[in-house]
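Provided herewith is a single structure, encoded as structure tokens, for subsequent inquiry.
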Amino acid sequence: MIAMDERTYKLIGADYPGNRAEDVKNPGLVWMIGFMFVVSFLGLFSLVPLRKVMVMDYKLTYPSGTATAMLINSFHTNTGAELAGNQVRCLGKYLGISLFWSCFKWFFSGIGDSCGFDNFPTLGLTLYKSTFYFDFSPTYVGCGLICPHIVNCSVLLGAIISWGFLWPFISQHAGNWYPADLESNDFKGLYGYKVFIAISLILGDGIYNLIKIIVITVKEICNKSTKQSNLPVTAEILDGESSRLLMEQRRRDEIFLKDRIPSWFAAAGYVGLAAISTATIPAIFPPLKWYLVLGSYILAPALAFCNSYGTGLTDWNLASTYGKIGLFIFASLVGTDGGVVAGLAACGVMMSIVSTAADLMQDFKTGYLTLSSAKSMFVSQLVGTAMGCIIAPLTFWLFWTAFDIGSPDGPYKAPYAVIFREMAILGIEGFSELPNHCLAMCCGFFVAALLINLMRDVIPKRISQYIPIPMAMAVPFYIGAYFAIDMFVGTVILYVWERINRKDAEDYSGAVASGLICGDGIWTIPSAILSIFRINPPICMYFGPSSRS
């Protein structure tokens with residue numbers, strides 16, 4: 001929205017190629033609320049039929065959802081009192097440690113993006129420049145404790161391939177493959193390689209798994225002799241503890257499937273809302289024609305699946321990455337006459353759908369682990385989304401009228417407004433404007449993702465369990481290597497813990513991880529309040545090379 005406004009247009013410059021005065025739409029409270037209502041609910045209906053596949057069949061972790069469930073269960077458990085009490089104490093202990101540590105870090109984080117423990121060059125300044133450093137984040141260490149070892153190792157492998165070899169190799173060709181004097185967020189430079197190669201890996205993995213699910217579903221429908229329930233069945237003799245865990249899982253499965261949301265209801269809701277949105281959005285953004293809006297809603301469920309699948313693996317919601325896909329596609333389709341506004345509007349539509357779909361699946365995971373009604377979760381999400389459609393624009397409008405949002409000299413610079421507008425301008429020219437060999441590399445990584453997934457399915461399980469997951473590998477391509485280091489630290493801690501005392505690791509690793517994630521998350525509330533009152537951290541802890549006299 002800010003990328004469309006007049007201030008961002010002037011900030012880029014009227015003489016900037018492709019930056020037209022006609023491609024300006026200033027924020028307005030009425031149209032923003034209307035836009036929120038017509039796009040925010042579609043994501044909730046897009047993946048409801050796949051909730052069993054994502055949560056039960058694929059057993060995706062959804063670390064934040066799992067941590068939330070652990071916290072909720074700790075207050076309501078009535079079985080295994082002694083173990084539950086110990087888990088609650090463990091969770092509370094590490095929540096307190098995480099909260100204290102996040103508060104302690106804040107005092108050294110200064111003003112700007114280069115201060116504090118979040119920028120601590122733990123592996124040396126040379127590797128720090130390539131984002132290889134441990135940033136002392138309790139959240140990502142906690143994610144490493146929750147996520148399977150193969151996910152964490154895949155993330156680290158992706159970081160090594162991209163930031164260790166690929167980006168340095170491409171950087172050596174600056175001035176040949178792309179202009180050497182570009183800014184770090186310019187899509188005509190190295191940033192273009194980072195974003196589009198990451199998107200290629202994500203789409204390759206996501207599309208493969210989507211097609212796989214469709215094929216399996218069709219086979220099950222055609223094969224009438226298939227068993228009617230996918231609940232785990234065992235014929236072996238189990239000890240008391242294993243039997244209790246199996247019964248708990250069966251109970252979760254039964255409750256999760258009992259409150260079934262009919263697929264026809266989800267499909268009808270999606271089609272109905274898409275029809276309303278297709279008729280409404282062109283009235284708000286005239287360059288985005290109705291058939292383009294309809295096309296975006298046909299494409300959106302596949303992207304929503306990819307994003308939800310990736311979020312379940314790594315806890316990263318890459319909605320903005322999928323938004324960039326819509327931005328480039330629709331800006332190039334519309335062209336110079338309104339392509340900037342159309343691309344930015346399509347980006348908002350895509351981001352809304354894929355983000356809410358991932359959030360809902362995260363909530364379904366929480367509901368599955370807390371024995372909550374799936375229908376109640378869905379209705380609650382609908383109510384919360386409706387409230388957000390009013391509260392979010394009102395909050396934005398409050399800031400918009402009180403501060404110079406987007407001003408380079410103001411407190412709220414909104415730097416991504418300029419970046420997204422320039423991306424839309426670039427999209428008008430199409431993919432031909434991308435740097436040399438970028439499209440070829442994207443095709444190569446897309447095919448590689450398909451082949452790796454095929455290998456994981458064809459090769460025997462005892463070998464394929466060690467084959468990395470392309471979706472997890474793709475995240476650090478775009479984000480950076482630092483969080484991969486954090487998650488790997490978490491997985492090393494869990495691995496050593498399992499070797500020392502597997503029973504304790506199984507009982508308490510989830511509580512430790514949940515405490516670390518929740519404590520860090522709770523600190524964001526006082527941190528935001530301090531930011532609103534413009535209370536800055538008193539110290540900037542910065543690291544640089546020692547000067548020589």
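Here, residue 1 is simply the first one shown, and the rest follow in order.
In case you wondered, yes, glycine gets a Cβ from its N, Cα and C as well.
OK, TrEMBL features for this one:
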TRANSMEM  29-50  transmembrane segment
TRANSMEM  150-170  transmembrane segment
TRANSMEM  190-211  transmembrane segment
TRANSMEM  261-284  transmembrane segment
TRANSMEM  290-309  transmembrane segment
TRANSMEM  316-334  transmembrane segment
TRANSMEM  340-361  transmembrane segment
TRANSMEM  382-403  transmembrane segment
TRANSMEM  434-454  transmembrane segment
TRANSMEM  475-497  transmembrane segment
TRANSMEM  509-533  transmembrane segment
Restricting to CB pairs under 8 Å, which listed stretch, 150-170, 316-334, 340-361, 434-454, is in contact most with the transmembrane segment (290-309)?
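By Cβ pairs under 8 Å, 340-361 leads among 150-170, 316-334, 340-361, 434-454.
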Quick one: do the transmembrane segment (382-403) and the transmembrane segment (475-497) have at least 3 Cβ pairs under 8 Å, skipping pairs fewer than 6 apart in sequence?
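Between the transmembrane segment (475-497) and the transmembrane segment (382-403), which are separate recorded stretches, there is no contact, as judged by 3 or more close Cβ pairs.
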Look over the recorded stretches 150-170, 261-284, 340-361, 509-533 and say which has the most C-beta pairs under 8 A to the transmembrane segment (29-50).
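Result: 261-284.
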For the transmembrane segment (475-497), I need the partner stretch with the highest count of C-beta pairs below 8 angstroms, choosing only from 150-170, 340-361, 509-533.
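Result: 150-170.
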Are there residues at least 6 beyond the ends of the transmembrane segment (150-170) whose Cβ is under 8 Å from a Cβ of it, and what are they?
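Non-local partners: 61, 130-132, 144, 177, 190, 193-194, 197, 201, 313-314, 465-466, 468-470, 472-477, 480-481, 483-485, 487-488, 490-491.
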